């Protein structure tokens with residue numbers, strides 16, 4: 001009997017990994033990237049031979065540089081086969097901190113200023129005391145993880161730490177130092193990346209005297225590249241070594257990957273690739289298109305979001321914003337333009353009577369629980385003599401405070417990475433410093449200058465580039481989603497809501513920092529090529545010793561900004577020499593002189609609207625009102641498709657829901673084709689729809705859509721939404737315009753639901769529907785009239801709803817109804833189920849388990865339909881929000897809860913589910929067996945897929961269509977198209 005030979009990389013298995021949590025005993029300041037300093041500290045602590053041959057680290061705390069006494073610090077330590085003793089020795093040293101530190105130098109960030117807090121198994125999460133308790137990551141573990149990926153046609157490779165790759169030998173033979181490494185995305189291809197993976201694994205195999213792997217001829221390429229170079233240096237000030245590398249995202253074509261390829265790519269996640277792998281460099285993770293991952297990582301002990309909302313930082317941010325506010329008001333009074341860009345409706349007490357701690361705490365709590373509602377920006381036009389008007393996008397006062405608090409947390413860390421020749425928006429740097437550097441360059445022999453700026457930089461920044469950089473530097477910190485929500489907020493101007501598709505809001509405290517972060521790669525490109533760049537925000541000059549040199553520098557500058565989807569402003573691009581003189585940052589430079597002449601103004605200039613600003617999208621009637629500040633505004637250009645008014649598309653387009661067996665979605669002749677096969681032996685069901693007739697497509701479960709079909713959806717502005725079999729919303733694919741068309745609805749939703757009378761009116765309709773359905777469930781199971789009393793009581797409560805003066809009264813009636821209803825249900829449920837009324841968290845009897853699970857599944861479907869309809873699920877009109885709860889889904893599921901109750905009741909009465917399917921734990925909680933759970937979920941799915949009629953409907957629809965129709969009515973009411981929202985009613 002033959003046996004399958006183990007894969008070559010099996011010689012490195014099993015892996016063992018431990019998450020270490022330490023506690024600082026004094027304040028400490030770390031560099032941005034922690035890997036080198038943690039690695040060096042551990043090597044000195046353990047004094048282990050062959051440390052680099054067995055151990056590697058992952059430092060999720062990178063990006064945080066300030067630590068205080070009693071702050072926790074977390075990292076993970078991994079060993080390959082044969083390194084178990086080294087791992088145990090190091091664990092013992094860590095457990096004995098701080099006494100185990102023998103190498104202690106004053107000024108070091110990590111020394112004897114840490115003590116042990118805890119150790120956990122990285123793979124299983126349980127606390128451990130000895131490395132023998134760690135769960136091994138075996139060949140079987142690798143094979144199981146590989147199975148998750150090997151059928152994916154593409155994967156994303158996200159760099160978790162700088163990726164440092166040597167150029168191929170033929171290309172680097174004439175280079176030394178940093179020039180030997182890939183620094184431009186054009187220098188990196190799939191073959192080189194795969195070669196680095198195999199080289200890294202083979203290096204470990206050689207050190208353990210194991211056979212190495214041959215480099216496969218796997219055809220592959222990058223479908224997309226979103227990489228950027230991040231400079232970094234390590235070591236003492238006088239002996240620093242460069243350790244820069246790539247960060248960002250690659251999309252790999254994996255259609256031709258063999259099992260061996262997948263095995264090595266999956267294993268490479270744990271070990272890292274490229275130079276300085278032992279330091280923790282070259283770590284990456286594989287991601288699916290919906291963001292799914294398989295690599296276990298420990299998380300930082302304290303998120304940057306939590307650090308941002310600490311009371312001292314939040315209060316400081318408030319004080320800064322309040323002082324700026326006061327300064328702007330004083331400036332406006334003395335400004336000839338009379339334009340006040342400060343917040344006009346802020347309570348003066350907030351800027352004069354101290355810090356409002358309770359209000360700050362309330363906002364901090366909302367930020368922490370991710371329930372903070374991002375407000376729209378306020379559009380302000382700032383006239384500029386001799387220049388085009390400057391459209392500002394200003395967040396409300398308290399939102400600026402929150403953004404300022406985040407900026408105060410991130411700025412010190414990002415400052416350590418910034419280019420020394422960048423002067424804009426940086427503390428301690430100004431245009432005066434820039435002028436001094438230019439004069440020093442002249443003294444050093446520079447005589448030529450290439451001057452330019454980036455065309456409409458702040459209006460044209462692509463949000464995807466911002467997100468890629470933030471993810472690369474700060475991992476999965478919740479701060480990132482918050483920042484992206486802030487910079488993509490809609491804008492209000494003259495009663496119009498303007499949807500923004502890109503750009504950094506000029507008026508946000510975060511925009512200057514994000515601008516410098518984006519342009520740091522541009523700075524690095526020019527510096528690496530040997531050019532002397534001096535930049536202030538999006539204005540820059542490049543100095544050289546000859547005209548040819550600056551011409552070549554200009555070409556590189558244009559190529560570099562094009563990688564960001566930007567371009568240089570041809571009207572402001574010049575080449576000159578110091579003899580001729582040039583203007584920059586309000587200075588006139590002539591030879592060695594720098595004359596402060598102020599900003600250049602053309603008093604004959606006819607102002608026009610910046611073409612890519614939000615102001616260019618202002619509708620003509622509004623623009624006319626502001627003609628004094630904005631002559632000849634340009635109307636927004638729209639095509640026939642976008643000319644459809646908001647709200648029309650919902651009624652004109654088909655909302656297509658696809659569930660059940662796996663379907664394949666393709667496109668042919670401007671039509672979406674759907675092929676769905678129920679069973680292998682049955683012919684496939686095929687249907688098609690014209691793209692122009694579709695509003696959106698919602699895929700529940702595992703379905704496949706081809707790339708051409710996705711592109712056709714983007715072309716026709718048809719959003720593709722994804723949800724699990726149980727209705728849990730997972731995300732969407734859409735064109736930029738489709739994605740952002742909902743911002744006006746979001747704003748209207750916020751305003752409508754904040755109106756107490758309107759919200760109460762809609763909530764009454766929801767509660768009335770719930771009570772009526774409860775009485776209807778009882779009525780249909782009341783042949784002997786024994787339930788007449790609770791039915792009448794429920795009907796009586798329904799009659800009181802319209803007279804409820806407030807939400808508390810409405811809650812009271814709903815609560816009374818629930819008590820009556822579930823007491824009545826008790827008589828319909830077999831006694832063996834032990835049901836005596838509703839209980840939850842956790843449920844304590846089988847029937848409550850069925851209810852809780854069913855409600856959870858229904859809630860997921862309702863939340864998904866909220867996303868699909870363009871509503872914000874986290875902004876509700878009745879239930880109180882808490883945590884990340886989609887409160888609107890809780891509101892809108894109320895009329896449909898009886899479906900779950902009907903399925904559960906039928907299942908227990910027909911003995912499809914029995915008491916033997918459940919077990920009770922020591923704490924009284926009740927659990928359902930796996931097979932019963934599958935059966936019950938199948939019953940729910942069948943109910944959701946079975947068409948049924950609503951009141952006044954002639955046609956029967958499935959649950960998803962009913963949910964969507966209710967959402968459409970809610971949207972019509974929000975927009976003022978109908979006088980009253982009527983919750984869904986059963987037939």
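Note: Cβ is positioned from N, Cα and C throughout, glycine not excepted.
Keep in mind it's a predicted model, so treat the numbers as computed, not measured.
It is 603-636, from the ranges 569-602, 603-636, 637-670, that TrEMBL records as region 'Disordered'. TrEMBL lists 879, 894 as Mn(2+)-binding residues, and of the candidates 814, 945, 954, 961 the one it assigns to that same site is 814. Around the Cβ of residue 894 (Mn(2+) binding site), the number of neighbouring Cβ atoms within 10 Å comes to 23. Neighbour density around each Cβ, counted as other Cβ atoms within 10 Å, peaks among the binding-site residues 814, 879 at 814. Averaged across the domain 'Reverse transcriptase' (363-589), pLDDT for the predicted model comes to 92. Summary of the Mn(2+) site environment: with the site residues 814, 879, 894 set aside, the chain residues having Cβ atoms within 8 Å of the Cβ mean position are 763, 766, 767, 770, 811, 878, 890, 891.
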